[in-house]
Structures are given as C-alpha cells and as structure tokens.
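A.B. asks: Summarising the annotation, TrEMBL assigns domain '3-hydroxyacyl-CoA dehydrogenase NAD binding' to 12-188. The annotation domain '3-hydroxyacyl-CoA dehydrogenase C-terminal' is assigned in TrEMBL to 191-286. Annotated site 'Important for catalytic activity' per TrEMBL: His145, in sequence order. The transmembrane segment annotation in TrEMBL covers 12-33.
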Amino acid sequence: MPDRPVTETGRVGVVGAGTMGVGIAYVFAMAGFEVFLVEPGAEAASRAQATLKETAAGAVSRAKMTAEKADGYLSQVRIIKGATELPVGLDVVIETVPERLDLKMKVLADIANRAPRLIATNTSSMSIDVLAGAVRDPACFLGMHFFNPVWSLKLVEVIRGAKTSADSVERAQALAAAIGKTTAIVADSPGFATSRLDLVQALEAIRMVEEGVASPEDIDRAITIAYRHPIGPLRLSDMVGLDVRLDIARQLAGTIGPHFAPPQLLQDMVARGDLGQKSGRGFYDWATETINSNAG
Ligand code: NAD
C-alpha cells in the first residue's frame, strides 16, 4: 500500500472523469491519495479507467515507478456514479464537469452536501463568485485551475473568490504541493491570469499574420528561439482549438476591454471550420504537420 500523503484524511474527490478529471485523479493517486472519481457515464467511466492504466504504464515504461507501485496507487482510485455518493468530510472535492453554469451549480450543491474541507472548481472561464452561490459556505470554495495534460503541466492557478477564506487558499496550496504542483494565486477576474496573458499574445500573433508581418511558422520560430517559449502562440492556438480561442476572446472583449476583440482572420477560420489540430487544419496543416500557407 502506498504511503499516505500529509493532509487531514489523504482522501479526495474529483467530479467528472473527462480530460481534466482523469488527469487530476491520476496525479492525486500517484501522490498516494485515495481518490473517489465521480462519473455517471458508463462509457466515460471505462475510458477513464483505461486512461489511468495507460498513463501509469507509460510511467512504468519510462522507469518513473515500478509496476507494483503503480498498481498499488491505481487501486486507490474508486469510480462512483454520483457526487451524492461521495464520502463525507474529504480533504477536497474538485469539480471538473463541462463548462455549463446550470450543471456546475447543481454538481457543486451536491458536493457541498458531502461537507468536504475544501470545494474547488476547475472552471476555465466562469466567475468563482457566481459559482459560490451554489455552496453553503463560500469561505471553503475556490478555483483550482489545472492544465492539460495534468500529469505533465506543473501549474495550478488558485482563484480566490470574494468570500474565500485565507485558510482555504492555504489548503489549496498545500494540496497542490502534495501532488508536486506550483501555485499562482489570482483574484476572481475574467480569464484569471493564464488565459488572459496567453490570449494577448495569441491575438497579437494572429493580427500579425493578418497584416502580413510574418508567416505563422516565422512568428512561432521567432518567439520560441528568441524568448525560449516552449511553443509558439499560433501552434498553441491550433492545439487549444481556434473555436475555443474565439469564444474566450469574445468573452474577455466584453468584460475586460476591446483589446481582446477577435481578429477577423480568427473569425473567418472558425467560420470555415479550420479549428486547428482537432479539425486537421488551422495555422498548421495537422494532417501532414506542416505549415498551412493559406491560413492568411
Ligand atoms: P470533458 O467533457 O472531457 O469531461 C467532463 C466529464 O464530466 C465527462 O466525462 C462527463 O460525462 C462528466 N459529467 C457530466 N455531468 C456530470 C455530473 N453530473 N456528475 C459527474 N460527472 C459529470 O471536459 P474537460 O475538458 O475535462 O473540462 C472539464 C472542466 O475543466 C471544464 O470546466 C473546462 O472548462 C475545464 N478545463 C478544461 C481544460 C482542457 O484543456 N480540457 C483545461 C482547464 C480547465
């Protein structure tokens, strides 16, 4: 049996076993936590189980842990069907259901009924203060914004609502540290820190393509080599999804200011179905992994 982490119970809940929920469950399990992973969909639940096994097998094949240890950690993940089945009094329950306000409010209310010490949402764009309306005690509620893939990206953005207590922020930091993550503490504000900063650069890069300043490939090469960014803003936009970028740009243009207004090129690419990696074509041609010179 793996060593127990140094938190109150060493037991956590994750609600929603999609892309993010599985990743979050995995990193907690690999840090020795007992994890209750909530997923009502049978197909999603078996996909989650398979992803957990494949990810652990990858770590074993890279000699990061023994097969025996990986099996021990994974046996600590239990998949259950609803948040109402979560044990009472867990260290934290993290909500990772789809980005729909009504759904998140319902799920957060169910989580609050199980009285965990901390309730976190992994929302990428919703206001923590609005979501706090679903829980009984907003002092123990905050955002813990993880990044995909959760097992390799080390940041957790901790988003403090107006009523979040200092104690809850400390708990979130301690939990993040226990799973090997670094935190950035941010006030509840549209786009938090990461999406807001990342989008400024992506939108400017798209405007530069639009104005013919340089090709997508040259812009990405310039920033990766000159400033040592691991990936250029246009390649990253393709990976995130240009439709996702467009949605966030529109949202931030309405809340923060017109400098987030989406460039016409971005709107045109989304309208013609060039969404980036997921559609096979964006600023890059993902079928051949080469530059799409018609992006402009
Ligand atoms: P996803 O669609 O892959 O997964 C959501 C899961 O929640 C699905 O498996 C779904 O069956 C499940 N679900 C639906 N209703 C539920 C309920 N009532 N109870 C329990 N589970 C339920 O979504 P995702 O990409 O993992 O995103 C989840 C959240 O994380 C969203 O708020 C998203 O904005 C945020 N987020 C996503 C990313 C990303 O890169 N995908 C990054 C950061 C934050």
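Positions of Cβ are set from backbone N, Cα and C atoms, glycine also.
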A.B. asks: When you scan the chain for residues with a C-beta under 8 Å from the transmembrane segment (12-33), skipping those not six or more beyond its ends, what do you find?
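C.D. replies: Non-local partners: 2-5, 39, 44-45, 47-48, 51-52, 55-56, 59, 65, 73-74, 76-77, 79, 83, 86-87, 90-98, 107, 111, 114, 116, 122, 146, 148-151, 175, 178-181.
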A.B. asks: Check each residue in the chain of His145 (site 'Important for catalytic activity') that is at least six apart in sequence and keep those whose C-beta is under 8 Å from its C-beta; list them in sequence order.
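C.D. replies: Once residues fewer than 6 apart are set aside, His145 (site 'Important for catalytic activity') is near Asn122, Thr123, Ser124, Val156, Glu157, Val158, Ile159, Phe192, Thr194.
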A.B. asks: How does the model score the domain '3-hydroxyacyl-CoA dehydrogenase C-terminal' (191-286) in terms of mean pLDDT?
C.D. replies: 95
A.B. asks: Could you give me the DSSP helix, strand and coil counts for the domain '3-hydroxyacyl-CoA dehydrogenase C-terminal' (191-286)?
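C.D. replies: DSSP composition of the domain '3-hydroxyacyl-CoA dehydrogenase C-terminal' (191-286): 64 helix, 4 strand, 28 coil.
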A.B. asks: According to DSSP, which kind of secondary structure is His145 (site 'Important for catalytic activity') found in, if we only use helix, strand and coil?
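C.D. replies: The three-state answer is strand.
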